Amino acid sequence: MSTAREQPIFSTRAHVFQIDPATKRNWIPAGKHALTVSYFYDATRNVYRIISIGGAKAIINSTVTPNMTFTKTSQKFGQWADSRANTVYGLGFASEQHLTQFAEKFQEVKEAARLAREKSQDGGELTSPALGLASHQVPPSPLVSANGPGEEKLFRSQSADAPGPTERERLKKMLSEGSVGEVQWEAEFFALQDSNNKLAGALREANAAAAQWRQQLEAQRAEAERLRQRVAELEAQAASEVTPTGEKEGLGQGQSLEQLEALVQTKDQEIQTLKSQTGGPREALEAAEREETQQKVQDLETRNAELEHQLRAMERSLEEARAERERARAEVGRAAQLLDVSLFELSELREGLARLAEAAP
């Protein structure tokens, strides 16, 4: 394969569909995810191709010819018929802009294919494989659902001088438009289902986060209660500190007042000595411990307040997520109802059109 063919002229991402070969009416998706769709120039055969690879096989390998026509059937869906492959391809894009870019590039490539055919018939050679087409890569973007109808006879290319549509072609066109509406409703329904699944996942994550915050809050509250009890114990211990007092020994009536005074002075000295040795450091240590514990309690209370604030915020987010999920469910329900109505109307329309087609000469 040449270098010119290996480098795409233009690439984008889209959901790929093919017309059902049995019914020629319904679309068959090529996969659940969007695929890369590219324009290539085959220098060996001097042709332009639209190629899309899914896994190990080519989903699209369509040679662009001058008589092909790319038709926009909705804001995000387009299609073209490939007579060589005997099928109709449909592409669903993420936005109308992507569809417009692909359609414009289709026109450029078709014109380049026409010039290539003319030069080939004249015996000339093309010096530029892209005929002035600038390479352009469209960055991938998340795909929304796309849709389109299909009856191969309705998608054949038409030249500018083609005659106006006959009555039979007009009926077929009406039937094709009905199929467009059906596929559009189905695509919107699938898009709403995806949105609902995403909201459900976000709700589960929010519930898990809220449960985790509640566990942390309970642990912080238990720690704060334990520290409060410790502070109360230390305060009670400080209030009930036993002050050493001198024991009064039984004195006989024969002891003199001087001996009693000397004994009292001796005990006072012992008390002062004990206070200087043990009382001061212990009180200072207990005061420091109480101050540190109180600081921890204040820090924990501040942290608890922050956690409670965060918990309230998480609960508000949870309620918003639940409300959003309910809205999504309501939208899905409305879409399902509208789809049922549209399918019923489409069925009646098909029956009427079938009767008209049978009655037409």
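Each position is counted from 1, following the chain as shown.
Just so it is clear, glycine is given a Cβ too, placed from its N, Cα and C backbone atoms.
Annotated region 'Required for interaction with NFATC2' per Swiss-Prot: 1-80, in sequence order. According to Swiss-Prot, the feature domain 'WH1' maps to 1-113, an assignment based on sequence analysis. The phosphoserine annotation in Swiss-Prot covers Ser120, Ser159. Under the heading coiled coil, Swiss-Prot lists 191-243, 254-358, citing sequence analysis as support.
Every protein chain shown contributes to the tally, and the Cβ of Ser120 (phosphoserine) ends up with 14 other Cβ atoms within 10 Å. In the predicted structure, the coiled coil (254-358) carries a mean pLDDT of 81. DSSP assignment over the domain 'WH1' (1-113) gives 22 helix, 51 strand, 40 coil.
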